[in-house]
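Down below is the structure, laid out as structure tokens.
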Amino acid sequence: GCLGVLCGAQGGRALFLRTPLVRPAHISHIHLSPNLHSGSKAAPLHWTSERVVSVLLLGLLPAAYLNPCSAIDYSLAAVLTLHSHWGLGQVVTDYVHGDASQKAAKAGLLALSSLTFSGLCYFNYHDVGICTAVAMLWKL
């Protein structure tokens with residue numbers, strides 16, 4: 001039957017276990033931390049800032065649920081926009097090739113992030129705010 005097709009002549013060992021489909025690539029160096037030889041303090045500072053924003057976001061989510069107020073609405077607008085901007089900036093860096101294309105993509109991202117922050121602030125000021133809007137969505 002079907003099992004007979006998958007099993008070879010080597011004592012019933014499955015065919016897909018005998019043939020490796022993926023061979024490991026040779027990797028000479030992987031740098032998980034900023035280059036210490038570059039002399040720039042911007043990379044470690046940016047890395048630390050990303051972690052601080054992530055921790056702030058983790059703290060703001062339960063605070064928004066427990067105590068929805070305009071201060072948390074505006075904090076969420078800022079932190080969510082910054083977190084998204086940095087994340088999408090990494091996508092642009094990794095996947096957009098060519099100097100002109102990358103500059104255009106980063107300019108577009110800056111415009112999108114600015115529009116997002118402005119829109120969230122407008123929504124917080126002229127409507128119910130982020131916290132109340134999410135609570136209203138949960139009630140649906």
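Just so it is clear, glycine is given a Cβ too, placed from its N, Cα and C backbone atoms.
All annotation found in TrEMBL is predicted automatically rather than curated by experts.
Database features, via TrEMBL:
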BINDING   His83  heme b binding site
BINDING   Tyr95  ubiquinone binding site
Checklist entry - Whole-number Å distance between the CA of the residue listed as 'heme b binding site' and the CA of Tyr95 (ubiquinone binding site)? => result 19
Item to check | Lowest local Cβ density (other Cβ within 10 Å) among binding-site residues: His83, Tyr95 | outcome: Tyr95
